[in-house]
């Protein structure tokens, strides 16, 4: 007998499956997700925990007329399997394959593109309001989970949704875990769930009693207020009810039959509703369920039988790990240094700091804006905070960087992990914009280390600097250099790492870890008789104009390289310096290499670098073209 899953090419097919067979279908979906994630990596735990929610939603609602909006998108693997992408699912997160997150261009069933947390409620509210304006039929459901309720924007959406009173359904997928364990008083309050029959019976009895008691006599009003106060102490939904939502739950998020029945009732409910579903992250796969740290979040390749990662050949440590070790050294030597992250203890490596310095390491939840202003407050009182955060997520706190940190010249260090191209996570997670959006902030020092030692030196430098500073480093392994003791670098001073005797044909100025590719390109060019010097600028801001402009003028041709967006980035900073010093008018030939004006899709990092033209071959080709073009025009 074949799989039920193989008979489903659309949500319409799913509706034909009897409710009694849905548990078997859920098991098949889990097996498919596990097998695929083992080969491709991905967000295993969240997707396994939300299988029944996915199946029940598609069994009751009619996508794409009814809009299903997934917060973050980690929970949506089953959604992809049920919406005509079963065969293509094996390609998820691979070059040319399905994206790891919902994307509007990929399917009409992906109502909203996601990747960053806490956005679903606001987007869903916009959709239901648009339906009201246009008269278009259909329901809208926002599925919120994976810690997204620790993000302030989720409550901003809830606040307006309750005020407007539209027929919006919010499903709170409560698995007690974000990427790191949920933190904060609000999360702790959520965790005090009452799923027992005793609690639910008591809740029904209180509700029935309150409805039966008439208003009027003072004594009865006192009773009503007293019982309502008691209810407020023990009902998990009181916060949502206070925001204008009808609260339902908690319910078992793995009882697919019960969920179908509940969704059928809620589909005809008038007004905003929040359904509180209790799930287990990694449900049905013991290694993911038992992983208390991440429960299968963002896994690479793993062995299905054990859940253990498939070991790669030994290589250099990841920049994330090197940063974490360097930070722990700084915290060991300076008690003023503290570490802050936004729900990414494992991802940023700060779990090491948390283990060694639990009272000086803060996980603030998915609250990047708060993280930055919290750091600013600490810095005001003499503390040296280090905010470790993915480059793509720091975008969410841009106003706080400018207004709360830079404007006040506070000594906050921003450690930007995943700077540049990130590989399989794709468009929503590329760290493409940080150099551009940080270098325009007055007084902010911006550094890009080219190897592990440079990272150590730059972290140490930032902690001695009496002002704000940022260092950004890529995803993946370092260069494998022998480590040196950390030392203070002179701010705004780069280094000439490859010189040539006499007059060079071209100068390559390579920011950050593009230096390795630039040096390889220079070696290849040397074999062809083209002499190239190579500069490591170290600082994107303040730029070492003396060194860069001197080497550019010496060669009369310069190629800038960065793993960041070309618009407003490092190459633009160099152009501004060349203009200030009259080099452009003097005939300097310039080529800028970096990420073009587009969102780069998912693939291996090496392939992405080749796509955008910043690998060694592309750098060498740009140098050849510049040298050849200049010589062809008779320019020395």
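Note that Cβ sites are derived from N, Cα and C of the backbone, with glycine treated the same way.
Per Swiss-Prot, thiamine diphosphate binding site is recorded for 74, 115, 116, 117, 147, 148, 175, 285, 368. Annotated Mg(2+) binding site per Swiss-Prot: 146, 175, in sequence order, evidence recorded as sequence analysis.
Positions of Swiss-Prot features highlighted on the structure.
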residue : record                            : Cβ neighbours (10 Å)
74      : thiamine diphosphate binding site : 31
116     : thiamine diphosphate binding site : 21
147     : thiamine diphosphate binding site : 26
175     : thiamine diphosphate binding site : 24
368     : thiamine diphosphate binding site : 28
Secondary structure of residue 147 (thiamine diphosphate binding site) (DSSP, helix/strand/coil): coil
Assigned conformation of residue 368 (thiamine diphosphate binding site) - DSSP reduced to three states: helix
Taking residues 74, 115, 116, 117, 147, 148, 175, 285, 368, which bind thiamine diphosphate in the record, the widest Cα spacing (Å, whole number): 32
